[in-house]
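Quick look at what Swiss-Prot lists:
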type	residues	note
ACT_SITE	Cys558	active site, for beta-ketoacyl synthase activity
ACT_SITE	His694	active site, for beta-ketoacyl synthase activity
ACT_SITE	His737	active site, for beta-ketoacyl synthase activity
ACT_SITE	His1344	active site, proton acceptor
ACT_SITE	Asp1529	active site, proton donor
DOMAIN	385-819	domain 'Ketosynthase family 3 (KS3)'
DOMAIN	1312-1618	domain 'PKS/mFAS DH'
DOMAIN	1685-1762	domain 'Carrier'
MOD_RES	Ser1722	O-(pantetheine 4'-phosphoryl)serine
REGION	920-1240	region 'Malonyl-CoA:ACP transacylase (MAT) domain'
REGION	1471-1618	region 'C-terminal hotdog fold'
Amino acid sequence: MEFVYFSNEFPKDDLHDIYRGLHNHSKHRDFPLLARFLNEATAAVKDEVRRLPTELKRLIPPFDNLLSWVENKELREGLLCGAIDGVLLIVAQVASYIGYVESHPEELRNMSEASLAGLGIGLLASTAISLSTEQADLPLAGADAVRLAFRMGVHVFGVSENLEARDLSEKPETWACVVHNVDPAVAQKELDAMQPAGEVPETGKVFISAISRTSVTVSAPPQKLKALLNKCEFFRKARYIELPVYGGLCHAPHIYSAQDTESIVRGASLNARRKGLEPVVPVYSTSSGQPYAAKTATELFECVVSELLRQAICWDKVIAGIVDSAKRTATTEATLHCFGNSIPLNDLDKAFKSDMPELRVSTNNLVPWIFQNEPRDTAPRGPAQSKLAITGISCRFPGGATTTEKFWEILEKGLDVSRKIPADRFDIETHYDPTGKALNKSMTQYMCPIDEPGLFDAPFFNMSPREAQVVDPQMRLALVTAYEALERAGYVGNRTASTKLERIGTYYGQAADDYREVNQGQEVSTYYIPGGCRAFGPGRINYFFKFAGPSYSIDTACSSGLAAIEIACRALWNGDVDTAVTGGMNILTNPDGFAGLNQGHFLSKGHNACKTWDATADGYCRADGIGSLVIKRLEDAEADNDNILGVILGAGTNHSAEAVSITHPHAGHQAYLSRQVLRQAGVDPLDVSYVELHGTGTQAGDFEEMSGIMDVYAPLTKRRSKDQPLHIGAVKSNVGHGESVAGTTALIKVLMMLQKNAIPKHIGIKTEINPKFPKDFKQRNLHIAFEQTAWPQIPGKKRLAAINNFGAAGGNTTMVLEEGPVREKQQADPRQSHVVAVSAKTKASLTGNIERLIAYLEANPATDLADLAYTSTARRYQHTHRVAMATSDVAELTKKLTSSLSKVDSIGPVGKSGPPQVAFSFTGQGASHKSMNLELYRDVPTFREHIHHLDTIAQNQGFPSCIPALDGSFPQDHEHSPVITQLALVCTEMALAKYWASLGVKPDVVIGHSLGEYAAMHVAGVITASDAIFMVGRRAQMLQEKCKIRSHTMMAVRASVAQISESSGGKRHTIACVNGPSDTVLSGTKEQMNEIQVPLEAAGYRCIKLDVAFAFHSEQTDPILDDLEAVLESGVVFQEPKMPYISPLLGKTIFDGKTLNANYVRRATREAVNFLPAMQNAIDIEAVSEETVWVEIGPHPVCAGFIKSIVPSTQLAIPSIRRNEDNWTTMSSSMAALHLTGVALSWNEFHRPFESSLRLLDLPTYAFTEKNYWLQYNGDWCLTKGNTFYSAEKEAARAAEPQPSVGSDLQTSTVQQVIALEVEGNAGVVVMKSDLMQGDLLVAAHGHRMNGCGVVTSSIHADIAYTLGNYLYRKIKPKDKVPAMNMTDLLVTKGLVAQNKTKYPQEFRVTAATPDITSGQIMMSWQNVDDNEPFATATLILGDANDWLSSWESMSHLICSRIDSLERMAAEGKASRFTRNMAYTLFASNLVDYADKYRGMQSVVMSGLEAFADVELTTKESGTWTIAPYFIDSVAHLAGFVMNCSDAMDAAKNYCVTPGWKSMRFAKPLTAGAKYRSYVRMIPTKDDPTVYLGDVYIMQDDEIMGMVGGIQFRSYPRILLNRFFSAPDKAMTEARAGNAATVTPQVTIPKPPSSLKTPAPANPSRRDSGVESKPLPPPQPKQAPPSTDSENSTISKALTLIATEGGLEISDLGDDVSFADLGIDSLLSLVISEKFRSELGVQVSGSLVLDYPRIGDMRRWLEEHY
């Protein structure tokens, strides 16, 4: 009999360990019922908690599983402790029972004769087994028991609370005591005497709740119970023990009624009731000792709950009842199942032995299996239960850590790699202020930078140089490290189920956009958005690798990297992806970040990384960093034969919600997260031997984190044993705080520690340890490694580590991982020869890859060659530049690799035009072995299985097995029957063809030689494999039956048919095969062959007799022909070939479905094999070519020689098998040769049969050909930003003051409304607003038309500046005369173009401000009303007009002499003279169409880029102006005329516009009707030939009266005219008008700086300013090499245009090169397409790169159409 006892006590084992073990087992596929029960039990309790009153609900914190209750001591000792422990006990017992049944499937199967019993709450657990008709019912019935236990516990608490309320500040007191060695009747009599009826309330009486022969349990409210025990002499003298009963009274009939039972059971939502479950196993009542008579689940539950509430326990009755039952059944064996040893079970065991001595009784504990059977290496239950394997890592970390090995060297040596901020980020000399008083400056000079972060291989990643320069370097390096991590992980797309492109996602952490904000922002270009916005980082990785899974960019501040990894883990656990590429990125270039973090007191000012845990820790040191990892589910990684660097067991993120501020850490929340992650991972915190801390080196952060870590991993309550030391470390002390990459850096550090079996020394403590830390490190067994410490592997146990990572925004992320599994090879790879391949995208990288591999082999001479071959072929991407070699020895390989270095320059790319054509040639019988011993048959299961399938077909058709001729069971010279020999040949060839197909080698055309035609017809789809076997077998049988074996023979002669005829001397013979120009086979009788051999050899022709049984293709076969044709006619169906079929019978290529038939086979048996004419025909009709790759299918290469003799220039002809050579030697050589031709081989399939014997090697990563692509941040504009004098304090104070009213005393044509004015002492600010669509201003704009649009000319800006400058000066100095004003440093970053629809306003505002008018400066800025970003800036410098005139006097003579010179040149015809109409007509046709009011130039003389003009200003001034724009333009736009109309400029392709000037000043007013003379000479700048500078001198009566100095023009491709000068549409206008009210102009009076100087314009556009600092400017295309394209051809021009736009060289534009390889994407394609149309007249769509993906495609299209 089976008896299961459910105790009312927890097992003696640690409850944490029990629950943790159950949790871990539930993750595995072998325990589905256990997992379901735990889920159902948790759901049931959550449902009950949800239903609780609010005051009780508050007592239970949120939980995700019941394991958290075990760890919550406060909860288990709280008010609801009875309910909590009741649930935990039932869950432990039912889960242990279910898990035991699942792990011991042979036990506890038949419970029909079993019995159940329990004590206390254990009785409720027994109902789960009783109600389970089948094991599948256990989870639901068990969840019901858990639900009722909770409900009953809550109910008991509610009742008991009314009897005696508990003081939570005190320890809980017991409600029950067991009194030993007393008679129950005497005990009851004593209780009655002490509690007379009517004198003591019934509800307060002490009562007996359990009875045994020698003891009683007495229960009562704690104080009543304590008082009686102390008061009553009887109980005081007896020995009593307090029981751990703290939840209230049970077994109390005077307290509870049937209504209580009904409330608990009937009010519950029960699965058993819903499913109609009934008791099937008897449960013994602890009051009657008999099984309950319940018929339904509800009745059983009510019986049990009623007994627990109202009936006293009498275990002796249970024992008697069970013994009686055993006696009645006459059982001979009894197994007592329990959950740990207990007194009641021992009593039952004694009773059995006493009353039934013949009964064999055994005890079985259902708990130990949890610990004895650690989770087996079985698949997890689902993705959510999987462990996650890290299979590849790569990094770019500070200190030159470009590899993980170099990173480890930094850690191992204990280096601090902080240094002065490098110049490629910003000029620290101008951006540093140790006092912190200077605006926007950093108080630290130090960081931990990556060396040369701009290094990048743009062509490899299909980026043009122009795009690469713009793309954020952290995105570029994320792409590079992702490639390296995948490469080290052995990733090849679609190789396995887990590497399907649709199932791979990317997840990267990034918290800053420095490069976009500062470097890119200086010149916004086509790639500004895709090159800088964060989403494009992971998106670019997906796009490059063609991953179709999700891509996420994660920003959680400093925890971004690890949070991204955690989200990647979630995706794997959720089943969203099968492989995740993840990590973090951070490249620092923006000085604002340093200034802001300094102001927030985050950064250390010293020259150190991070002083983590140091007493003087004062903040962190900022750091660069890029880290990438590849993560899979563990079972997938193991199935894929990956290297497993570490295994992630759990990860989670939460928020420090209760912290004192958002940036302040919180130890409690950190500890909570750690416990939660450990619980989910099923890990005991004390088993974790290393924790990598965040450790930024801030006082607050270090203390809070250390407190949380100690609380969880090294607590005082449950201390670590001596053999459980815990070490802690923090990588930031070495490489600084990488912010968004910090967690990634920490994870990679831990992975390297696992690999190196060492804990590197901690270098953060520079003085002494933080005094706030607890002093009991030693007692806690907690250690900081001050020297490198061994971290050895422990047999039978895995090392565990945790990583803490926090974010300044309040986020906490924690991860727990263990070391990867150790995998041993099952057996050695049997192959003797292997292929090692090295490839790259360029020759330079190929050289680098070869050199790296040579260095690796020299450093690792014991490298397993099989592993190397596997890694370099099946586990690496194969690029277009290749070397591959078959070898059997590493030393030999090293020599071959070294030799190949000298040949790299001669190696061209393969596969650029697609893979080569493949042809299969099938060998005839002349090459077959008598008895083959095929290693392929021995070693390749798929080949062997296919041979067996074919052999089965043959035997089913009545033929003998051909296996003995293949498997080596006979000596090679053993001669089999013709049937076996011929079947062996055809089966081998069909199996070889299928094997080649599995390797990716499939024929495009076939030819068969003699008997090889049957296999060829099968592969071509003409006949089935079954028919091929039938045809060959029947033909062989007929030959055997009707022809005499060995009476005839065949002889190969190295001569042509004509030569044989000429030299045979008339000897009789039959031409059997014409194989080549000098290869012929004769057939005949042996005598005939002997006779003809003599003259042929005498003539010098080599003759070889073939070892064949019959003379095929001769008269010997005549007897079988009729029968053969008849049999095939009726038994074989011939289909149309699926590929060209080269017929050696007909000497031509067959495409139709009629030629190949039974008659064809008859003729092919008898007639000659015309291999030579067949091949010649195939060449003639281009069915094959010299580029065709030939694979010979047969036991020995024969046809390959014929093919090469017919087509000597054949690229490749290789064998499958070679006689007397190991198959793998032949296959390796052939595979290597095929690989070098570009055939897409399935290397994975090639190695798959041996993968258990192979391991992935960590070979050197790809040798990128890197260049430095970097946009340098220039100047110090980050310090100014146009708000240099902004004062937050003043702004706040002024906001509370009444705003001054703005007077309306200023209104001109350009300054329509003053909207803000404030003056304070010598400081002031004025803001105006004007509508471009109004009045004279609109007329002025439309008088200056470009591209058909009205454009606000710079002269309008000048009038506004002079107007506001005069106005502001008068307001500040009303009594002073307004001085002359020099408008300096005008910079227009974006033209203001008038919209077409004038009914909508187009408003802009201009601000003029000065901190101190005595400084002589007024700052100007122009903005649209809906945008605070200025589109123009300038500075007015106050001056003296007389001083200007004096300074110009010396120049007047020089200018006049140049004008005289131009006059002479014009007179001599050496300079051009233009009239007014000619000049403005030309100006209008080239760029600017001026209205008549602007047309002041009356004549122009121009030579090259030098000119003068006679100017007369219009006599009518329409509008109100300070200086009319018509006047300014008339005297100044000579410079624009020169730049756009001079023959020295290419006006057809380009146009020139001015972004501004250095100065504009007029010493005298410009007067209507007055005459002036303007002179200018423009010169190109040295730094940028597209930028020109010049000075425009304005003269009156030979005296300089005005000057526009340093006027700048920049040349742009005319194709961009539409982009920059197009009227804004209505939608934009409406949006601007609608948003105008939301933007409030700042009118804060500027604060005077300590030293006033002309400020740099805010955020200048480098495109317009001409100020560029690019280490790698786009290269100009070099002269193309000699080609068939003439210089003036459309093709040549098109290539030049492409090279120019892509920043490429023409030599890069080979026909086989794709646009994608050049990095020309859709954006650049649009620009190129537009230029094709406008400059070349070539009409192409914007999808150029899609329509013509390769240069050659585009060239051919141009040749055809242009």
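Positions of Cβ are set from backbone N, Cα and C atoms, glycine also.
In the three-state DSSP scheme, Asp1529 (active site, proton donor) falls into the helix class. Mean pLDDT for the domain 'PKS/mFAS DH' (1312-1618) in this predicted model: 93. For the recorded site, His1344 (active site, proton acceptor), the DSSP three-state label reads strand. Least packed by the Cβ count within 10 Å, out of the active-site residues His694, His737, Asp1529, is Asp1529. A coil conformation is recorded for His694 (active site, for beta-ketoacyl synthase activity) in the three-state DSSP classification, outside any helix or strand. Look at His737 (active site, for beta-ketoacyl synthase activity): DSSP puts it in a strand.
In three-state terms derived from DSSP, Cys558 (active site, for beta-ketoacyl synthase activity) belongs to an extended strand segment. Residue counts for the domain 'Carrier' (1685-1762) under DSSP (helix as H, G, I; strand as E, B; rest coil) come to 46 helix, 2 strand, 30 coil. Remark: secondary structure over the region 'C-terminal hotdog fold' (1471-1618) totals 35 helix, 67 strand, 46 coil, with classes taken from DSSP.
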